[in-house]
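S.K.: Dumping what TrEMBL says about this protein:
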- 259-269: compositional bias 'Basic and acidic residues' (COMPBIAS)
- 54-183: domain 'TFIID subunit TAF5 NTD2' (DOMAIN)
- 228-288: region 'Disordered' (REGION)
- 391-432: repeat 'WD' (REPEAT)
- 433-474: repeat 'WD' (REPEAT)
- 475-516: repeat 'WD' (REPEAT)
- 517-558: repeat 'WD' (REPEAT)
- 559-593: repeat 'WD' (REPEAT)
Amino acid sequence: MANKNDILAVLQVLKKYNLKGTENLLRQEANLTDIPENFTHDASDSVLQAYQSEGDPNSYESCYIELRKFVDSALDIYKYELSMILYPVFVHMYIELVYNNHEEQAKALMEKFGEEQEYYYQDDLKRLAMITKRDQMSGNDLTDTFKSNEFIIRISRDTLSLLKRHLQEKKASVVMNIINEHLYFDLYEGMARNKKQCDATAGALLGEARRQDNKVKVYYGLLKEPDYQQMTTTQAPPPEEDDDEVQDGDKPKKKKQKKDPLFSKKSKTDPNAPASDRIPLPQLRDNDKSEKIKALREAQKRVNLGPDSLPSVCYYTLLNSLYSVTCAEISEDSSLVAIGFSDATIKIWPLTPAKLRELKSAEQLKDIDRDVDDVLVRMMDDRKAETSRIFTGHSGPVYRCSFTFDRSLLLSCSEDSTIRLWSLQTWTCLVVYKGHLNPVWDVRFSPHGHYFVSCSHDKTARVWATDSHQPLRIFTGHLSDVDCCVFHPNSNYVATGSSDRTVRLWDVLSGNHVRLMTGHKASIFSLAFSMCGRYLASGGSDKVINLWDLAHGHLVATLEGHTSTIHTLCFSRDGTILATGALDCNLKLWDFSKLCEDLSGENVNVSHNPDVRSGENYLLRTFPTKQSPFIALHFTRRNLLYGVGMFESS
């Protein structure tokens, strides 16, 4: 039987979990009744069976040298695409030698050629070099990843035919076997890519994205906003429909100002927006409506930003907290800040003069008239108001917090593998969500509430609803930790960034990934969607910010300038400026509206790699702090920029 090894591996798993009935059925069906009851079979060993080789271990080095010589002597037009083959061939040669117990030859290969591989692969190679014996490969993440996934290289048809001709002439069976078994060539017609184009999308754990990974249509537009002012009677101005008509008199004009760019875009139906009922969104409560109207009124006073009017910045410095603060989060209306600590606590402070009040007791709530306008204010007890509150409950460092739009709830995630939902009215923990198997690095509420997304060291991201203790969707596909996640402004998609150096966009409805974006050279720690929903910014420990166009899933710009890990990204409320904060104690402001103007004029050939813009032309200003790295950035509704960081004493 061709896949007898696979069936033996399944039998071993069934035996391990004592599933006797299923084991017996499988034995009978697969005609394996002659195998003894106490057999042992290493399942991961069967996965690595492809590395079984009878080849001469001493020929590997000469084969690699021959391949490298061929790449170096190729014409410049083909050289850069061909050079991308060297790394995966080298890795699989090493794994093959180790698997076949040729330890000395494997070590010699690594010592000789390891350091000449690209700088962004060096960390992977250091981990690989620690595996020198066959039994160490069993269950190892890195070797399993390379074995069970093909390394993807985007290559022109001419370059590939050149490579095939060389391999046939030289009869390089070792290299040929590796290429046939473990590499996938994403072919395109036309000229081969140059060095800059190859570098732009290289760097991920397993090469580049296939073009079919980015073929699905993405509805990146914003949902049409309901007419809040007609839905409520609270000082409602005249009906919204008159907004588009030019009228005489001061009143309509005044109200027209209220419709700032953010909301006027939403009032029209966006052709790229998903259907409003594509995913079920929660019904708006009266409190939500009044919050939205409050936001509209605030937006009326918004400062329009640009190269000539940069935002004012207010920076909150946390003293005596260098090794204890793990995260900071500011609420959507900029009235509260939550700080997570390594001692598993969360502390909440108000950023306004108002104190943090608590809900009255059940007996006192009975006496309140429910029909009065200020019922929500009367429900809160002024006598128990405090200037700060502490949440305790996690049993490990808190890695991220997230507020709901109306500031009534707070989410937190921790090293203890749980997510907790806290009430900011009773100041208690309401739910503990258990599902992740390892530390949870990030958690984010959906812009429309009710849903939230989390991501973890277990290589998954999960979408939850606040009223369900089980995740609604589990996104699997990343090959390493998922370090950060964020909901799209229309709540239909989730973006994730990972230590496998890829950014993925997932459809909440289907649970599938609809965009796979490669180009980062190190782990990704921060993500932010543009206000229009079309662009995604990502930053991480490779010290660059990449901007992706979600319409086609390609890289449009790389913003360089930071000298340390980028931990926070934020777009201004009018979508004109991108603010980035890093551990190098610098805040940088980039002209995003100018970048969008430059992009709108060009035709993109997606099958080929479009040219990537550099950030020098778009940097507006750098603000250094004395010794405080940035851990959070937040634009208020009026476009004032808040920053949070810890003071690092020298």
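Any Cβ shown, glycine's included, is placed from N, Cα and C.
From a predicted model like this one, the values you see are computed outputs, not experimental measurements.
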S.K.: Per DSSP, what is the residue count of the repeat 'WD' (517-558) in each of helix, strand and coil?
M.R.: 0 helix, 25 strand, 17 coil
S.K.: Quick check on the repeat 'WD' (433-474): DSSP residue counts for helix, strand, coil, in that order please.
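M.R.: Tallied per class, the repeat 'WD' (433-474) gives 0 helix, 22 strand, 20 coil.
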S.K.: How do the residues of the domain 'TFIID subunit TAF5 NTD2' (54-183) split into helix, strand and coil according to DSSP?
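M.R.: Looking at the domain 'TFIID subunit TAF5 NTD2' (54-183) with DSSP, the answer is 95 helix, 7 strand, 28 coil.
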